[in-house]
């Protein structure tokens, strides 16, 4: 039997294949040729902290990620920061030109809360320069016939709120977030019609309050992430009600949330324990946030498992907070659409973790995640290309949450190591497979309105620094003006958008060949023009070196002159 890699709390173990799990789903093996419905929206995404730079300019306040990368350099690969990132704050027109080249119909980006409210509190200070920046950016997008899809909060909480209140551990964040959201609705809502309150809050709380790998870097295992999530869910609902009560009748927009989840497939489809474990995986991942928003409360399996574990650990109350009857009613139905992010798939099997091991999110789930070594590995060790899982997740979301309109808010793959810079054929295959499974899900009856590929640019990738490169456009971070260069996937994605699907085998294959031909030309061009590529780097190195040598020479001459006089 061949081995399977198992991921358990960051450790990698080796176990044999078991049962009947390692099947290739025959109904999903064939490629489907067809087109998407009229009006389907194609886009790309990014976030403020990862791309903007200008971390302390034009009145912006510090975020928790500024504090984290400046104060804990050992926790970010290479000690990198996003102080300048892609310099998108100063390259608006250049980045919009890239969006136009891709021919996308929408662009998903986030607003920086501390750029608009430096302390995080609306009553204390509103940064007019921040408002002007985003207002001008939105206008420029609309002028280019690109619809803005705006995320209010993508992990960069104002540092002042973290210091003063403990961030999302404090229920007061719900009020401050609602005030911030209301400001955004007021000043941008006449032009923005698609809002996302939060982006992937599960990862935000798990890595920020459980493992400490992300800002604010807290390790409150088995408690902190549930408290933070509880407050985030309330904050989302409060922002939705604010829009619904005050702005909807005037602006006619939509407010949702972006929730990321991988698909969980039972290792053995004939084993009830594995089936239950896979369901539990999805509920602890997607249901954790989606269930309160669509049904008013946490999934029953979360309440049961965390409650039982808490009791076994000698606690009088569950570590999972509870909603009051009034809060349940307030939460239910607070989303105009479901934003769904998806990257990969896991096989899931049952495993009972003893309660004496201590509280943790991983132990609460009582399961193990596995991957098939035959799955194509992308550029990051956690991400494998498993397109069929995407279709299954989309169908699950439709059934679980009452057939909501779904916008795919992020999906993509990073660059492989040791690859040709621009010839990202693995990303082309990823796009082809995942978008095709999304098309199949639409044929299944899932109401999918749009797709956002992640991401426009190579950018700062949190604890990975600049190592993981998800962009359609390569960014030369070592050059002062950070030029952008298209990868092969730009041409391929553009063809999918133009055709709105996959017309026939011959045409789809011609797209791939054309894209790879284009990237080869780009690689050759850059290889023959190294001086032009690195002129800025050379100026940054040579000029200071010449100045330093001049100073040293002058100092030496002065020393010799003084000695002669002495």
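Cβ atoms here come from the backbone N, Cα and C positions, even for glycine.
Marked as N-linked glycosylation site by Swiss-Prot on the basis of sequence analysis: 170 (among others). In sequence order, 231 are the residues of the chain that are 6 or more apart from residue 170 (N-linked glycosylation site) and have a CB within less than 8 Å of its CB. In the three-state DSSP assignment, the secondary structure recorded for residue 170 (N-linked glycosylation site) is coil.
Annotation comment: Swiss-Prot describes 244 (among others) as N-linked glycosylation site. Annotation for residue 244 (N-linked glycosylation site): same-chain Cβ neighbours under 8 Å, separated by at least 6 residues, are 255.
Feature annotation from Swiss-Prot assigns signal peptide to 1-20.
What Swiss-Prot records for 21-540 is topological domain 'Extracellular'.
Feature annotation from Swiss-Prot assigns topological domain 'Cytoplasmic' to 562-566; the stated evidence is sequence analysis.
Annotated transmembrane segment per Swiss-Prot: 541-561, in sequence order.
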Structural state of residue 244 (N-linked glycosylation site), classified by DSSP into three states: helix
